[in-house]
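So that you can see what the record holds, here are the features copied from Swiss-Prot:
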- 89: active site, proton acceptor (ACT_SITE)
- 266: active site, nucleophile (ACT_SITE)
- 89, 90, 91, 92, 93, 143, 216: substrate binding site (BINDING)
- 304, 306, 309, 335: Zn(2+) binding site (BINDING)
- 247-253: region 'RNA binding' (REGION)
- 271-275: region 'RNA binding' (REGION)
C-alpha cells in the first residue's frame, strides 16, 4: 500500500496508492461521507461520479450507529457496501466545530453527546481503536484543531498537546492494528505561526507516519495566508510521503494547492453547495434557485458528461429545488461531485503532460 510519486511538473505531483488492487491516483478529492454515506447518493451513484476513495468520521460513527454495530458487519466497507478505500477523521476537528459540547484535558476530550446528552471521554487510544474497528484504510491521529487566529501561546500549547496525542496515537496504532496495510497519517499544527508549524512537522517526521496532513486550515484564514503557509511548509514534508490538506475546498483552492505540492483533499463544499442549489460549471457557478432558470431549457454544463447533465434541463432542476424535492438534491450532488472528479482527472493529466501551468491558465480564463 505504498505511495509513489509517478511524475511531477514543478511542485505539482502525480502519484499513486495501491490499496489491495484499488489504484488511487493523486491528486485526489475525497467526498465526505460523515455517517457512512455521501448525503443523498447510493454507492453506485458515488462510483459513477468518478470517486474512488471517501472520507468518513470516526467520532460520529462511534456515536451512531456505534462501534459494535459496524463490527457486526466486519468493517465500515461492508456496512455501507463500499469496496474502495476509506479515510477516517479521528474526531479532532470536532473539538473545534463542537467546542460548546466538549472540555479538553491533557489525557483527552470530554464530549457531550449531541444526540442524547450523555458525556463520554475520547482519547487518542480510543480514537485509534474505533478507526481500526471500522477497518479504515487511512487512519488519522487524534489531534486538537483550534481556530487560526488564536494567539501564539494558545496555539503553541495546542500544538504541543497534539504532538503528545500523536505519539500516543502512534504507539496504540502499532500495538492494536490488525492489518499491516492500514496507513496512519500525522497532522501538522501550529496555526498561522510558521515556527510552530516547523516544530510540529519536525517532531511528526521523527514518528515516521505514512503520510502528513495539514490541519487547522480553512478555519478563517485568508487565501493569501493559506498559500503563504503552504509555500513554506509543503517543501519540508518528506517527498516520498503523501501530503493531505484537510477540509479544502473550492475548485480554485484545489488547483492552487496542487500547484504547491498537495496530493489529497476532502471538503463538504460540493455536496453541501449542491443541496443549496449552488452548482459548479465550466465558467463558474450556477445558482439554480434564481428565477431566470425557470424557463431555461439548456443543460447545466454542455461540457459535462454526468447523469444530470445528460438527462435534465436547468428548468427542471430549478423546479425540483423550488419544490424542495429530494431528487433535486440528489441530481445536484451527482453533478457537483462529477465536476470535482473531472477537475482532478484533468489536473492529473496536465501534470503527466508537463502542462499544468497551461491548464491553470485555461481554468481561470474560462471563469472570466
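Including glycine, each Cβ sits where the backbone N, Cα and C put it.
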Take the region 'RNA binding' (247-253) and find every residue of the same chain, 6 or more past its ends, with a Cβ under 8 Å from one of its Cβ atoms. 93, 217-219, 223, 226, 265-267, 269, 280, 339-340, 343, 363-364
For the Zn(2+) site built from 304, 306, 309, 335, further residues of that chain with CB within 8 A of the site's CB center: 299, 300, 301, 305, 307, 308, 310, 334, 338, 339
Who are the chain neighbours of the region 'RNA binding' (271-275) in space, where the CB to CB distance is under 8 Å and they lie at least 6 residues beyond its ends? 31-32, 38-40, 329, 332-333, 335-337
Let me make sure I understand the structure: which of the binding-site residues listed (91, 216) has the fewest other Cβ atoms within 10 A of its Cβ? 91
Helix, strand, coil residue numbers for the region 'RNA binding' (247-253) per DSSP? 3 helix, 0 strand, 4 coil
CB contacts under 8 angstroms to residue 90 (substrate binding site), restricted to the same chain and 6+ apart in sequence, sorted by sequence, are 58, 59, 127, 131, 139, 140, 141, 142, 143, 169
DSSP on residue 304 (Zn(2+) binding site), three-state: which is it? coil
Please work out which residue of 89, 143 has the most C-beta neighbours within 10 angstroms of its C-beta, and give that one of the recorded positions. 143
Whole-number Å value for how far residue 304 (Zn(2+) binding site) lies from residue 91 (substrate binding site) (Cα to Cα): 35
Could you tell me the C-alpha distance between the residue listed as 'active site, proton acceptor' and residue 304 (Zn(2+) binding site) in angstrom, no decimals? 31
What are the non-local neighbours of residue 309 (Zn(2+) binding site), defined as same-chain residues 6+ apart in sequence with CB under 8 A from its CB? 299, 300, 301, 302, 335
I need the least crowded one of these binding-site residues (304, 306), counting other C-beta atoms within 10 angstroms of each C-beta. 304
